[in-house]
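Annotated features, as they stand in Swiss-Prot:
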DOMAIN    1-82  domain 'GST N-terminal'
BINDING   Y7, R13, W38, K46, Q53, I54, Q66, S67  glutathione binding site
DOMAIN    83-204  domain 'GST C-terminal'
Amino acid sequence: SGYTLTYFPLRGRAEAMRLLLGDQGVSWTDDEVQMQDWAAGIRDLKKNAVFGQIPRFQEGDFVLYQSQTILRLLARYGLSGSNEREIAINEMMNDGVEDLRLKYYKFIFWDNEANKEKFLEELATQLGYFERILTNNAGKTFVLVGDKISYADYNLLDTLFCVLDLSPTCLSGFPLLSDYVERLGKRPKLQQYLKSEGRKRRPINGNGKQ
């Protein structure tokens with residue numbers, strides 16, 4: 001495919017893309033940049049970044065920034081919905097995933113451990129929304145929309161991996177979400193990526209907490 005993902009040696013904002021690519025059997029190159037090199041302006045990466053941040057996606061001479069934009073581009077593998085309504089609903093689902101992710105980021109980057117109980121209460125509310133969504137779609141294949149996995153599923157799966165690492169029992173009251181994580185994690189190509197050395201050696205975030 002000739003895809004290159006430029007990012008720090010973390011899972012972070014690039015991991016949902018890696019889950020998607022790995023599961024779809026698409027090869028890519030991880031171009032890892034150390035944070036101190038990024039800050040020092042190596043290869044003019046920061047200077048040339050449209051909004052001063054990465055991940056950066058490149059295919060030939062085409063360069064793209066912003067994680068959700070890149071994720072939607074990669075959804076061209078038939079992962080955005082089968083009609084206009086499904087496409088719109090998947091966008092809505094992905095926005096909901098981002099709401100969940102931002103609450104997680106707020107806690108992991110800015111809150112202290114004393115606020116963990118409050119965060120877990122808020123997390124349970126957010127998880128409840130997705131449990132209800134899966135309940136409504138339970139007659140299909142245990143994905144968020146319709147009967148086929150979408151980019152929103154990869155983004156949700158990555159976010160769930162993050163919160164499970166923080167609180168391993170956080171899905172105990174959500175049987176469909178627990179099953180969702182287990183089912184998707186057993187998809188052969190995705191499982192292969194999840195067991196890869198690249199995935200294992202990368203911490204979730206760069207702040208030393210995960």
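Here the Cβ of each residue, glycine as well, is placed from N, Cα and C on the backbone.
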How many other Cβ atoms sit within 10 Å of the Cβ of Y7 (glutathione binding site)?
23
Sort the residues of the domain 'GST C-terminal' (83-204) into helix, strand and coil with DSSP and give the three counts.
90 helix, 0 strand, 32 coil
Between the binding-site residues R13, K46, whose Cβ has more other Cβ atoms within 10 Å than any of the rest?
R13
Would you say which of the binding-site residues Q66, S67 has the most Cβ atoms within 10 Å of its own Cβ?
S67
DSSP three-state call for Y7 (glutathione binding site): helix, strand or coil?
strand
Does DSSP put I54 (glutathione binding site) in a helix, in a strand, or in coil?
coil
At a 10 Å cut-off from the C-beta of W38 (glutathione binding site), count the other C-beta atoms across all protein chains.
18
Using all protein chains in view, find how many other C-beta atoms are within 10 Å of the C-beta of Q53 (glutathione binding site).
13
May I ask which residues of the same chain, at least 6 positions away in sequence, place their Cβ under 8 angstroms from the Cβ of I54 (glutathione binding site)?
T6, Y7, F8, R13, V33, W38, L45, Y65
What is the pLDDT of the domain 'GST N-terminal' (1-82) when averaged and given as a whole number?
95
The DSSP breakdown of the domain 'GST N-terminal' (1-82) into helix, strand and coil residues is 36 helix, 18 strand, 28 coil
